[in-house]
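Notes to accompany the following structure.
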4 protein chains.
Amino acid sequence: MMQDVLRLGGRELKSRLFLGTGKFANKMIPQVIAASGAEVVTVALRRVDLEQGEENITACIPKECVLLPNTSGARNAQEAVRIARLAQAMGCGNWIKIEVISDHRYLLPDNFETIKATEVLAAEGFVVLPYMSPDLMAAKKMVEAGAAAVMPLGAPIGSNRGLKTKELVKILIEELSVPVIVDAGIGRPSHAAEAMELGAAAVLVNTAVATANDPVAMGRAFGLAAEAGRTAFRAGPGAVSDYASASSPLTGFLHD
Amino acid sequence: MMQDVLRLGGRELKSRLFLGTGKFANKMIPQVIAASGAEVVTVALRRVDLEQGEENITACIPKECVLLPNTSGARNAQEAVRIARLAQAMGCGNWIKIEVISDHRYLLPDNFETIKATEVLAAEGFVVLPYMSPDLMAAKKMVEAGAAAVMPLGAPIGSNRGLKTKELVKILIEELSVPVIVDAGIGRPSHAAEAMELGAAAVLVNTAVATANDPVAMGRAFGLAAEAGRTAFRAGPGAVSDYASASSPLTGFLHD
Amino acid sequence: MMQDVLRLGGRELKSRLFLGTGKFANKMIPQVIAASGAEVVTVALRRVDLEQGEENITACIPKECVLLPNTSGARNAQEAVRIARLAQAMGCGNWIKIEVISDHRYLLPDNFETIKATEVLAAEGFVVLPYMSPDLMAAKKMVEAGAAAVMPLGAPIGSNRGLKTKELVKILIEELSVPVIVDAGIGRPSHAAEAMELGAAAVLVNTAVATANDPVAMGRAFGLAAEAGRTAFRAGPGAVSDYASASSPLTGFLHD
Amino acid sequence: MMQDVLRLGGRELKSRLFLGTGKFANKMIPQVIAASGAEVVTVALRRVDLEQGEENITACIPKECVLLPNTSGARNAQEAVRIARLAQAMGCGNWIKIEVISDHRYLLPDNFETIKATEVLAAEGFVVLPYMSPDLMAAKKMVEAGAAAVMPLGAPIGSNRGLKTKELVKILIEELSVPVIVDAGIGRPSHAAEAMELGAAAVLVNTAVATANDPVAMGRAFGLAAEAGRTAFRAGPGAVSDYASASSPLTGFLHD
């Protein structure tokens with residue numbers, strides 16, 4: 001099998017796991033990243049605030065990783081754009097995950113404002129990855145606006161509920177020309193593998209790792225699962241059938 | 001984290017994937033075993049028939065693997081016992097997977113005859129792994145009869161349908177004192193990971209690997225998934241919730 | 001469409017809902033039965049104890065209903081047989097639901113003891129309905145032993161979890177010559193409808209009705225759902241497809 | 001229990017089933033409506049074309065029903081608005097279901113154009129029911145634009161796949177101030193009951209009835225199921241639990 005890489009924003013990524021750092025103690029981050037194999041790591045801008053001194057989260061992230069700041073806290077396109085520019089000015093590079101949220105119970109993204117922010121930031125040269133509600137028409141508009149990939153949610157952020165939007169995510173994967181990266185809701189390695197088996201380009205995990213008793217081990221588990229799912233997708237899985245089909249020869253020599 | 005091994009029949013197994021060989025061309029078997037990392041490999045006795053000469057499947061299985069002959073073709077306890085003894089006489093060792101099947105559409109196991117065969121063979125010193133319909137009382141009788149583990153089905157053999165008996169398998173895992181190894185129905189790596197996350201001791205996969213376009217890659221995918229699920233089980237996964245929970249700090253510095 | 005009745009034990013039943021009374025205050029029972037339309041009503045023998053005087057539950061059950069005493073409390077076949085005979089002696093008729101349970105956490109039935117009790121009681125002329133773990137071979141043995149129907153569980157008793165054993169119950173429906181009545185676990189009307197859509201002959205509901213805020217309304221809801229599911233099964237449902245299919249003409253006159 | 005009605009567009013509806021007519025032979029429509037109890041019936045404008053003479057579908061719909069023309073065929077807001085006005089001019093009343101679709105494989109709605117059409121038509125006094133992709137922020141915008149209810153899809157139109165967007169629809173029900181009517185994908189009565197149990201105000205069914213072998217019986221089945229689900233929602237269902245809970249008294253008098 002040929003080398004399998006995800007090309008995104010001029011990078012070639014081997015790992016299909018993106019890791020969020022929003023709920024970690026900073027000192028644990030390097031170990032979790034190493035165990036998971038993640039090459040793309042998200043950070044919320046508040047945590048990169050330069051005045052935090054040695055608490056600066058970006059210092060905890062290995063240089064070879066792609067830093068993916070998110071616009072967490074933004075309630076509209078304008079705020080998201082402002083956060084993105086700040087992140088770039090602070091040295092976080094030109095990748096940006098757009099998160100625009102005004103719903104406080106389910107933290108669902110606002111596709112409308114997200115499209116606007118995507119357009120502005122893509123035009124400025126950012127590699128834009130919008131977090132989104134899995135709606136095909138909205139996703140197409142994000143692609144037109146210059147998104148490098150789309151990040152539909154599997155379930156509400158932090159819920160660990162799994163790939164509950166599977167039917168809609170499958171359609172995005174089938175119909176879009178950009179990578180689909182499942183973000184939010186992925187709570188178990190089996191969920192990550194399932195998303196990858198459907199053809200997702202990657203999965204982003206944060207809460208599921210951060211809330212495990214042993215986050216380092218859980219990071220490793222997700223890294224393995226993302227690879228398992230991707231490998232299976234490429235290996236061409238067999239058909240699912242209603243009936244049984246003997247996996248051992250049944251016609252018995254005992255009955256001859 | 002301490003070294004994690006599955007102790008079974010006097011062996012210490014590192015891999016949680018058991019591999020079936022029922023649908024493979026013999027020459028492909030060594031590669032698939034190597035890619036998957038499996039240490040326990042099932043064979044149907046017909047395939048080990050000594051008269052088959054170089055086609056003898058056991059010659060394809062690395063010496064360090066545990067050979068797990070099954071009694072495929074047996075319609076009752078007596079036939080299963082006879083096949084087990086033959087397997088031992090042929091040099092296949094003393095592990096045996098009991099399969100007693102008289103239903104030809106769904107290939108469902110006969111728990112009653114399986115218990116009888118378990119009792120006879122365990123008394124003769126076999127390491128007995130019964131393939132079974134996931135019924136708690138039947139499983140308890142198998143354990144009393146001397147089973148080293150039980151192998152409940154996830155879905156009909158060869159169907160690739162997944163862990164459709166999850167509710168019942170969970171109960172077996174909780175209530176039994178022996179390892180529970182999910183057998184049959186596991187069609188995707190995500191299914192294998194899910195079983196392991198529930199606390200299964202291992203999973204057996206055959207059709208899903210054999211029917212993939214690239215069985216070697218698929219074997220590897222299942223090996224990774226079994227490890228991912230087991231690692232997650234040991235890492236202590238976080239809670240699942242109905243509502244969202246921010247993984248990034250939401251109170252925005254933009255709004256100060 | 002021809003009149004649709006369930007023939008069982010010499011009766012012709014129009015309702016496909018069996019109602020359990022185990023968790024009700026006696027005085028509420030007549031109303032719930034009337035609202036649900038149930039024609040078969042289960043009672044636990046303890047509640048029919050003649051010495052209870054006016055609390056005697058059987059006095060609450062309309063004469064036109066079939067009384068279905070269960071052997072709740074039995075831990076083996078012998079006890080179940082003894083309870084069945086007592087029920088008959090007390091005037092509860094000759095229908096009996098066999099429940100043999102020795103697991104106290106999940107209240108799972110013992111198929112082995114249940115088969116034995118079925119054989120004895122069927123030979124004595126009882127109309128025997130065994131509560132069972134959904135195992136095809138066990139069900140076949142119950143049928144051979146004289147069961148008038150089989151009652152596989154959908155999920156543990158009282159859990160309201162739904163038809164979690166769907167894959168196995170479907171196989172029983174397909175492979176057996178007697179009616180399959182889903183018992184235990186049915187927690188919502190949609191679960192009851194789903195079981196009937198698969199071809200179940202009836203569903204038994206107890207906890208879901210008894211624990212509702214308004215048990216009379218919930219009884220009515222389950223009666224409607226059982227009828228809806230049965231009607232749909234007979235109406236021959238259309239195919240399920242992966243893709244969309246316009247239900248309105250799409251070629252627009254606007255574009256002519 | 002108090003009388004339960006759905007107040008919408010100045011009407012008080014008793015039935016929670018909306019019926020689509022897009023795939024029926026006209027002559028069958030009156031019977032199906034009668035059997036289902038539906039009080040709101042959708043029609044595609046092409047079918048109401050006055051020049052069709054006696055084939056005019058509106059002639060088949062009982063006067064007491066609310067006619068709900070849809071804008072099927074519209075690819076943008078402008079076309080939807082034009083169809084709505086035409087429908088009104090043709091005497092179809094002032095209810096309108098907005099359907100704007102430009103995706104031909106999954107027939108997914110365009111929330112953006114739908115919001116625009118909602119705004120225009122609501123301002124003109126239409127009772128606007130937009131068919132939509134289940135996105136909370138889009139739904140809020142439709143409500144702000146004057147929608148009388150929102151109609152999120154359960155699965156692609158005509159697929160009979162069921163309530164695959166359950167997680168998102170639940171959130172709409174919880175967060176919106178207008179009725180949520182599940183449209184598209186509902187393929188079995190159990191799906192309709194499930195939607196109603198979640199708190200949907202109504203369900204719209206078309207393909208599932210039209211493609212049944214016996215559409216009249218299937219219409220009746222869906223009418224019963226919608227009522228069952230609604231009744232259960234109002235009856236206050238009991239909790240779902242992981243463990244079993246005896247529905248019959250277990251402490252046996254046999255063991256005293």
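Each Cβ is built from the backbone N, Cα and C atoms, and glycine gets one as well.
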Same-site residue for 1-deoxy-D-xylulose 5-phosphate (record: TrEMBL; known: C:Ala184, C:Gly185, C:Asn206, C:Thr207; options: C:Gly158, C:Gly229, C:Gly236, C:Gly238): C:Gly158
C:Asn206 (1-deoxy-D-xylulose 5-phosphate binding site), number of other Cβ atoms within 10 Å: 23
List of the recorded positions C:Lys97, C:Gly158, C:Gly185 facing chain A, defined by a Cβ pair under 8 Å: none
Number of other Cβ atoms within 10 Å of the Cβ of C:Thr207 (1-deoxy-D-xylulose 5-phosphate binding site) across all protein chains: 25
Per DSSP, three-state class assigned to C:Gly158 (1-deoxy-D-xylulose 5-phosphate binding site): coil
Mean predicted confidence [pLDDT] for the domain 'Thiazole synthase ThiG' (C:8-249): 91
Of C:Gly158, C:Gly185, C:Asn206, C:Thr207, chain D-adjacent binding-site residues (C-beta under 8 angstroms): C:Gly158, C:Asn206, C:Thr207
Cβ neighbour count within 10 Å of C:Gly158 (1-deoxy-D-xylulose 5-phosphate binding site): 26
Coarse DSSP state, helix versus strand versus coil, of C:Asn206 (1-deoxy-D-xylulose 5-phosphate binding site): coil
CB within-chain contacts under 8 A for C:Gly185 (1-deoxy-D-xylulose 5-phosphate binding site), separation at least 6: C:Leu153, C:Gly154, C:Ala155, C:Pro156, C:Ile157, C:Ser159, C:Asn160, C:Arg161, C:Gly162, C:Leu163, C:Lys164, C:Thr165, C:His191
